[in-house]
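J.: Let me give you the structure first, and then I'll get to my questions.
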């Protein structure tokens, strides 16, 4: 009768959620306990509900009667075939009204829109961290359990999800299947390709809610917004330095540990960051993916292109805090400031004389001590 009256007398003592029937509460409690009593006798996979097990059993027993007429892939359910066909059509009918990004499925759009609204309704009971989707929460919870079921066939590294393993194995194989349509740059992940192509298109879909600044990547927006809030939740275990994002902490800690996990495939040089390796490898390949939009000059590093383009635009973004002089390079500003501060950071090891510039020290050593 509780179904008709709307009464929900059975309450979960873990999260406060209420249910109309005790059986539903018991079923819900398995989310907190992690209990999965229903096991598949074909592959050993376990489930919370018997109905989910029965649905799963179709994978082993039922004929895949719905076949794609374009690639021959077969599916158990017509709904899965319909979703699959959209991959061929590249149909993305669902558009975000805030940033214009398009998605194949409505649930992808809804998940994406939570990035704009800030809604994070799924909470981890171990650390109280919140997530925008149940799948992200489930993935996160493996950090606490230590579960890493996917092992690399080339080394002993293990991963929480199969996609991370697949991506990692490309380090060993050197495979980069995705190519930029604007230049010769290649990528392992479609997300990285998409972010890279925004360099060419100038698209910046992520806007700061505190100011008018826009960004190519959502991660860059998140880091930027912390400049408004001052939040730095990640602390180094070796020193007191704090960081806005965990990846910055991880990179910083390599200063203390000396770890250099990225090895050049052409020589024995190793690097603490993947982007340093990428830039270094262009010495061997001669690749210069960044082309000036004003002339035919090409560069191996994006920052070098930006500096070069200032020759054409006349832009001088670096202003001296002591006078009104402006510079196109930060290094030029740094050298100029020594006129005001009197700083002489270059010391002669032979006589102790100090100099403002490395070139002055070099000339001194050549003329006085050689």
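Cβ atoms are placed via backbone N, Cα and C, with glycine included.
The feature domain 'C2H2-type' is assigned by TrEMBL to 10-37, 38-65, 66-93, 94-121, 122-149, 150-177, 178-205, 206-233, 234-261, 290-317, 318-345, 346-370 (among others).
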J.: Take the domain 'C2H2-type' (66-93) and average the pLDDT across it for me.
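T.: For the domain 'C2H2-type' (66-93), the model's average pLDDT rounds to 72.
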J.: If I count Cβ-Cβ pairs under 8 A between the domain 'C2H2-type' (290-317) and each of 122-149, 150-177, 178-205, 346-370, which range comes out on top?
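T.: Counting Cβ pairs under 8 Å, the winner is 178-205.
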J.: Tally of helix, strand and coil residues over the domain 'C2H2-type' (234-261) according to DSSP?
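T.: Tallied per class, the domain 'C2H2-type' (234-261) gives 12 helix, 4 strand, 12 coil.
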J.: Which residues of the same chain, at least 6 past either end of the domain 'C2H2-type' (178-205), have a Cβ under 8 Å from a Cβ in it?
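T.: 99-101, 167, 170, 214-217, 287, 289-291, 302.
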J.: Write out how many residues of the domain 'C2H2-type' (346-370) are helix, how many strand and how many coil, based on DSSP.
T.: 12 helix, 4 strand, 9 coil
